[in-house]
């Protein structure tokens, strides 16, 4: 039996029959492609879409409301929905165990404190995994010019997979401003809708880099955090609406107050409480001996605080050797 939300997406054709196709095109231009997407968008935001009046927005909301049953559901019903969640392997059994099976879909996983060879996840997301995971395509948004396609060649050789086929399954975009980064999410949502179920992972490296450039000083901090909150809210909605995993990296900054607590490494992730609350799972990374790295659960709704040791090898992330 399909969930109500699955039925809503199928019933979208009925909504299109009632609406002017020009209005549908306007909604899709800003990444609103489903009835659930309309529900997730405020009237104020819809009114900001060029060509949509308040009266038109009210009509759209009313039409969507007739198709979508809103309100409460039992924990049992929500548990059924959660069965759609899948996990993408990290390449290390210990790291996977730390995360409860791997990088989780319908969630935002944030990592800070070190580089994690994110090229590798553009590969592992394409591989079939446990619990019926079929693999899929990846979108990589690069804000720091760190993506190296050739790195995937070494990783593909480790698994005896065609290098060119791996590259063809990764969509790459370079973001140059925080506004551009937000605009790319409109494309992402449209692409996920256009190729439903094909894409499994969205990577942003890094989430905060461009915000630090575009907004400087305490005078612009409030505006920066508001824009950041809007972007993170969009990411949360995309991950839930299209059942994809979202993996973001974050930068660190010195923590002047940490000296009072005698911390060995007085640094903290940037983004403040807004990023902290938006991320489903937060991972703290630090360098170990040689090629080893140590990941620690910094915050998670269901995983205990724990650590895992893994290795960065020429073939990507792997279990650390004893």
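Including glycine, each Cβ sits where the backbone N, Cα and C put it.
The domain 'RecA family profile 1' annotation in TrEMBL covers 84-252. Marked as domain 'RecA family profile 2' by TrEMBL: 259-322.
Counted with DSSP, the domain 'RecA family profile 2' (259-322) comes out as 10 helix, 29 strand, 25 coil. Here the domain 'RecA family profile 2' (259-322) has a mean pLDDT of 83 out of 100.
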